[in-house]
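Engineer: Handing you this structure, nothing more for now.
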Amino acid sequence: MNFQENLAALDLEYLWHPCSQMQEHQNFPIIPIKKAQGIYLYDFNDNAYMDLISSWWVNLFGHNNAYISQQLKNQIDDLEHVLLASFSHKPIITLSQRLCQLTHMDKCFYADNGSSCVEIALKMSYHAHFLKNQTRRKKLFLSLSNSYHGETLGALSVGDVKLYKDTYTPLLLKNLTTPVPKNDHEIENSLNALKRLLDKHSEEICAFIAEPLLQCAGNMHIYSARYLKQAVLLCKQKNIHIIFDEIATGFGRTGSMFAYEQCEIKPDFLCLSKGISGGYLPLSALLTHNEIYNQFYAPYEENKAFLHSHSYTGNALACACANATLDIFEKENVIEKNKALSGFIFNTLQNALKPLMEQQVVSDLRHLGMVFAFEVFIQTKERLSLAVFKKTLKKGLLLRPLNNTIYLMPPYIITHEEVKKAVAGLVEILDELRKG
């Protein structure tokens, strides 16, 4: 047993991995990673893997990015962490100012992961309505079908992906779901369904929560900005808060800095995480407006404070990485560069997959910014997603399909040559699976 195999065996003995059926790893070994550089992960046998999903959608500018790493090292020498109640630090003050300026919002509230950020938004919306109207009638949340907002109980309550939700349904909050349009032909029907729901329940609804334009864990479903804009206007007319979950879609992933910018509307609450620290350290931020903040601003005796906290809220090291990430966006014209890069990736996929599309093995090739996805229809002995995952690893590619949806969300530093190599390898794998 070599060093890599020994580590994998120890892993199985002591670790329980997320979103994994551990029994499968008895025959399909876990891969311990020794180091990473750029878009590549390296195991202890020096095998390289192209990280084509940005390590669960977090890594924007490559692993071991020289600039972000240096800023992190600089911060370690000054301050690693301090509680954020009654204390603060320069990295978080700078980051908060920059995020507010980027989003044209007023205040930042921090946590350390996306699900917690959603929980904060739900609590804050409910609490703000209560403080303003002194009524507890507004206690429901409205979300889109096929949506995903995290895996804590509150976040699961406003999600609609059965794989994650069904087991825990008896524990979840009662909420409302309105249909997301599957295509532009369904926009009017979806809006009419929303109108009927609002006519019946608007007095009970705290907030409408949505992932703008792209439902990532919902098989990378892209939906209309026109629908979202109209849905938001309908909710606003009924005094319903708007929560945009940009945990996965923020920081350039959909082609603009934030996806909601493409809808020309602003939320009451904006949830950010994943790419915020460039993929280095856990961090999330909820942004809101002074109109919300002022509901809580009062003498202590009035008991209006928002009492929510996490031990590592606003960690100084994570904030230093986030500031470094924003520096790169500012200095390197990332959004404009990504427009050209995303076009190249899509065209490469389109050309390479054309024969498989003609054979109806592949369909619905789509992209939004730096997100690319398509459906695969191949019969395999084991489930398709696992078969693709295994074969791509052997080709040196890291992909984790969602059911029959294969997607790419690569770091923004991927080169044209790396794109061509990755796509060629992927097509070879699909051909192998098709031929059995």
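Backbone N, Cα and C atoms are what each Cβ position is placed from, and that goes for glycine too.
The shown structure was predicted, so the numbers you read here are calculated from the model rather than taken from an experiment.
This is the feature table in Swiss-Prot:
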{"type": "BINDING", "residues": "Trp56, Tyr148, Lys274, Ser309, Arg400", "note": "substrate binding site"}
{"type": "BINDING", "residues": "Gly114, Ser115, Asp245", "note": "pyridoxal 5'-phosphate binding site"}
{"type": "MOD_RES", "residues": "Lys274", "note": "N6-(pyridoxal phosphate)lysine"}
Engineer: Which is it, of Trp56, Tyr148: the one of these binding-site residues whose Cβ has the most other Cβ atoms within 10 Å?
Structural biologist: Tyr148
Engineer: So which one is it: of the binding-site residues Lys274, Arg400, which has the fewest other Cβ atoms within 10 Å?
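Structural biologist: Lowest Cβ count within 10 Å among the binding-site residues (Lys274, Arg400) is Arg400.
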Engineer: Name the one residue among Trp56, Lys274, Ser309, Arg400 whose Cα is closest in three-dimensional space to that of Asp245 (pyridoxal 5'-phosphate binding site); these are the binding-site residues.
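Structural biologist: Of the binding-site residues Trp56, Lys274, Ser309, Arg400, Lys274 has its Cα closest to that of Asp245 (pyridoxal 5'-phosphate binding site).
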Engineer: Might you list, by sequence position, any residue in that chain lying six or more from Gly114 (pyridoxal 5'-phosphate binding site) with a Cβ less than 8 Å away from its Cβ?
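Structural biologist: The answer is Gly150, Asp245, Ile247, Ala248, Cys271, Ser273, Lys274, Ser284.
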Engineer: I need the most crowded of these binding-site residues: Ser115, Ser309. Count other C-beta atoms within 10 angstroms of each C-beta and give me the top one.
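Structural biologist: When each Cβ's neighbours within 10 Å are tallied, Ser115 tops the list.
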Engineer: Determine which residues of the same chain, besides Gly114, Ser115, Asp245, have their CB within 8 A of the center of the CB atoms at the recorded pyridoxal 5'-phosphate site, and list them by sequence.
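Structural biologist: Other same-chain residues with Cβ inside the cutoff are Asn113, Ser116, Cys117, Val118, His149, Gly150, Ala155, Ile247, Cys271, Ser273, Ser284.
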Engineer: Run through the Cβ atoms and count how many others sit within 10 Å of the one on Asp245 (pyridoxal 5'-phosphate binding site).
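Structural biologist: Excluding its own Cβ, the number within 10 Å is 32.
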